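The annotation anthranilate 1 binding site is assigned in Swiss-Prot to G82, N113. Annotation source Swiss-Prot lists 5-phospho-alpha-D-ribose 1-diphosphate binding site at G82, 85-86, S90, 92-95, 110-118, G122, citing sequence analysis. The feature Mg(2+) 1 binding site is assigned by Swiss-Prot to S94, E233. The anthranilate 2 binding site feature in Swiss-Prot is assigned to R168; the stated evidence is sequence analysis. Under the heading Mg(2+) 2 binding site, Swiss-Prot lists D232, E233.
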Amino acid sequence: MKFRRMISEIMDFRNLSEDEAYSLMEMIMAGELDDIKIAAILTALAMKGETVDEITGFARAMRDRSPRVRVSGSHEVVDSCGTGGDSFRSYNISTAAAMIAAAAGVRVAKHGNRAVTGSCGGADILEAAGVNIELDAAAAARSLSDVGISFMFAPLFHRATARVAAVRRSLGFKTVFNILGPLTSPAAAGIQLLGVFDPQLVGPVAEVLRNLGTRCAMVVHGFDANLNPALDEISTVGPTLVAFLEDDEIRIDRLMPPDFGVEVGELEHLRAGSTTAENLELFMDVLRGREDTPEQKSRLDIALANAGALIYLAGLADTLPEGTETAKRTVKSGAALELLEEFVSYTRNLQS
């Protein structure tokens, strides 16, 4: 039996080929493996350590089997999605950054889920703001075309995610599925800003994106002021480890907040609230451009730095600081808040 051979190889610390990993994910998605077998596979892979080829095969299978959000010029579409699971429970930075970048003219296909480590994930915050997050592929494509932004709720697009959800909860440790979410954009976005929970994943995940045909990307992990791993985002409180992917070449760099055009902030200022209502207020303050207190300024600056990177990747700015400056002008003009209001109205009128 194929499963028995694969689990035996993994338990012997032998790596699967990309094709074998693809086949294994197909078995999971087709419901051919029960929870015990899925748990065994995920545990064995975590103990061995997943390779670039294995992650590529898993991601390719999930992409091939999920509904496709078909948009013209998908190579110019940007996805902003992190793995979650980092060591600090920050407010929802990537969703604020996506909204700001979209208001600046970037076509953003935001792919996300509910909270992993924070108290409010991208789906949670947009739903609380009034967005209809349960759009099918056709509706998401219309939203991207008409509004300039769409949200694709991962469980609606990836049956494998739903299939293994209970197993992942019972295992209680990170598995390859923590990495796969951001790698499986239903819009096949050609441009990506992808945050990872572990700095050791920065280079390998960039290699996976290259294997999957991503045109250009930044894979990032943010550190705190004491150089401790902290954020699956660009950091404004310490260094950011970045893998730049462009023209099939990968370059690793370590950047500081001024390299993004922002001042060094305080990590504690970025902490999420304890309720969805509190997190919605933090999110709205950022889109309003509020910086009356040091806490508000830190939250705004990190959103601007991440939005600026999206603007830079999309080719709407020549440098990262220019991207951040464009993001700041966008927020101060009120355009980000206006786009959210339009996004809410549009998605509520769409029938999935």
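Note that Cβ sites are derived from N, Cα and C of the backbone, with glycine treated the same way.
Feature map: Swiss-Prot annotations on the structure.
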residue : record                                              : DSSP class
G82     : anthranilate 1 binding site                         : strand
S90     : 5-phospho-alpha-D-ribose 1-diphosphate binding site : strand
H111    : 5-phospho-alpha-D-ribose 1-diphosphate binding site : strand
R168    : anthranilate 2 binding site                         : helix
D232    : Mg(2+) 2 binding site                               : coil
Cβ packing number for R114 (5-phospho-alpha-D-ribose 1-diphosphate binding site), 10 Å threshold: 17
Close binding-site residues near S94 (5-phospho-alpha-D-ribose 1-diphosphate binding site), where close means Cα within 10 Å, chosen from N113, R168, E233: E233
Count of other CB atoms lying within 10 Å of the CB belonging to E233 (Mg(2+) 1 binding site): 27
Distance from R114 (5-phospho-alpha-D-ribose 1-diphosphate binding site) back to D232 (Mg(2+) 2 binding site), taken between C-alpha atoms, in Å: 15
Other C-beta atoms that fall within 10 angstroms of the C-beta of S94 (5-phospho-alpha-D-ribose 1-diphosphate binding site): 28
For G82 (anthranilate 1 binding site), the one of S90, H111, R114, R168 that lies nearest, given that the binding-site residues are compared by Cα: H111
Cα within 10 Å of N113 (anthranilate 1 binding site) - qualifying binding-site residues among S90, R168, E233: none
All-chain count of other Cβ atoms within 10 Å of N113 (anthranilate 1 binding site): 19
